[in-house]
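Swiss-Prot has this to say about the protein:
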- 5-230: domain 'tr-type G' (DOMAIN)
- Lys55: N6,N6-dimethyllysine (MOD_RES)
- Lys79: N6,N6,N6-trimethyllysine (MOD_RES)
- Lys187: N6,N6,N6-trimethyllysine (MOD_RES)
- Lys261: N6-methyllysine (MOD_RES)
- Glu289: 5-glutamyl glycerylphosphorylethanolamine (MOD_RES)
- Lys306: N6,N6,N6-trimethyllysine (MOD_RES)
- Glu362: 5-glutamyl glycerylphosphorylethanolamine (MOD_RES)
- Lys396: N6,N6,N6-trimethyllysine (MOD_RES)
- 14-21: region 'G1' (REGION)
- 70-74: region 'G2' (REGION)
- 153-156: region 'G4' (REGION)
Amino acid sequence: MGKEKVHINIVVIGHVDSGKSTTTVHVIYKLGGIDKRVIERFEKEADEMNKRSFKYAWLLDKLKAERERGITIDIALLKFETTKYYSTVMDAPGHRDFIKNMITGTSQADCAVLIIDSTTGGFEAGISKDGQTREHALLAFTLGVKQMICCCNKMDATTPKYSKGRYEEIVKEVSSYLKEVGYNPDKIPFVPISGFEGDNMIERSTNLDWYKGPTLLDALDNINEPKRPSDKPLRLPLQDVYKIGGIGTVPVGRVETGVVKPGMLVTFAPTGLTTEVKSVEMHHEALTEALPGDNVRFNVKNVAVKDLKHGLVASNSKDDPAKDAANFTSQVIIMNHPGQIGNGYAPVLDCHTSHIAVKFAELITKIDRRSGKEIEKEPKFLKNGDAGMVKMIPTKPMVVETFAEYPPLGRFAVRDMRQTVAVGVIKSVEKKDPTGAKVTKAAAKKK
């Protein structure tokens, strides 16, 4: 069998009509995750509705509908295997909460696949000032997605078909704005493809014989292997807490950094409650330790369900335990706010699993998004497209960390008027010292 393949997470970004769905499903169709019987069933339905030409996107819509109804076939669907990796496609855009999901999302994407519509008019729409292509690329870069693959899609529909000139024009323009966002375009493969016809997706296409670079599959295989933060102190944000008869209180969450194992003393912040972990399980199997990326249930001693809730963060009591944040300073990019944001603004912050109102206590500086250099001290306000350093104060106890130390607890979405108005990363945190926090009997014995 050899060594098991490494898992990577991919996020697919690009303008709404760029062909993201078709391309994504085509890759999955060819490499993996979909049961052939499911495909046949969908194809038959597509035929009956004369939607054959639309089969891949039709398949994805179908899957989306099943996902929305809560049918759980979806997760295997968005998985595929390359020669080197097991890949999972994270929630692709088009989803209303894409921005929020990408930030508070269950995991950090290791690579962004940017799909560009190469057709006349299509490319221009995607890349225009209000096109989503820029916003998605900026978002990916801000949130620390270091690697990118760019697919020049719909090459079968350029004028003339499979036009080398059109490809070169697009590479030049997209490179210049990816550079503006912060990426190094020389390190990004630009793959001319047809997500619909399948050119250069898995195998080399004779229609594009002027192109000598990697296929999409090759480019995915060339992604640098991600380093998982198991050597850092434990951070495990709680998604939920259950009471299970005969077992007791069972918190559920994803290990973001570090490891958790039976016998460990954990402290839940911001409340400061300390207790011992009795057992850890994933997919109903007991684990001797859980690693970053694992979604686990763990059982804790002498703790009532009411003492725990989603948004709390479990950490190792003896290794840099998490604490309540008094205030923190963040680099914020305003993306979608109709007016001006000034001191005193109080939106909701979605950070890891917590949703808490915070106050923008002080706009410290306005900065250049690309270079990070200061443009203005103590600006009166920030508006769409602006970036700034802001001091924030949570209105309730809250755990956050710096993006540099604990990335999943250091990036956030700012929500207001039911939408994401800004995104940010946390640069520094001033923490409170816990006072008189409760320690369970089991934990007191272990100390």
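Cβ atoms are placed via backbone N, Cα and C, with glycine included.
When the modified residues Lys79, Lys261, Lys306 are compared by the number of other C-beta atoms lying within 10 angstroms of their own C-beta, Lys306 comes out lowest. Across the region 'G1' (14-21), DSSP classifies residues as 2 helix, 1 strand, 5 coil. Long-range neighbours of Glu289 (5-glutamyl glycerylphosphorylethanolamine) (same chain, six or more residues apart, CB within less than 8 Å of its CB): Val259, Val260, Lys261, Val280. Closest in space to Lys306 (N6,N6,N6-trimethyllysine), of the modified residues given as Lys79, Glu362, Lys396, is Lys396, taking the CA atom of each residue.
Around Lys396 (N6,N6,N6-trimethyllysine), taking its Cβ as the centre, 11 other Cβ atoms fall within 10 Å, counting all chains. The closest partner of Lys79 (N6,N6,N6-trimethyllysine) among the modified residues, by CA position, is Lys187; the full candidate set was Lys187, Glu362, Lys396. In this structure, of the modified residues Lys187, Glu362, the smallest number of CB atoms within 10 A of the CB marks Lys187. Between Lys396 (N6,N6,N6-trimethyllysine) and Glu362 (5-glutamyl glycerylphosphorylethanolamine), the C-alpha separation comes to 18 Å.
When DSSP labels each residue, the region 'G4' (153-156) comes out as 2 helix, 1 strand, 1 coil, counted as helix, strand and coil in that order. Reported as a whole number, the C-alpha separation between Glu362 (5-glutamyl glycerylphosphorylethanolamine) and Lys187 (N6,N6,N6-trimethyllysine) equals 38 Å. Mean pLDDT, taken over the region 'G4' (153-156), works out to 93 on the 0 to 100 scale.
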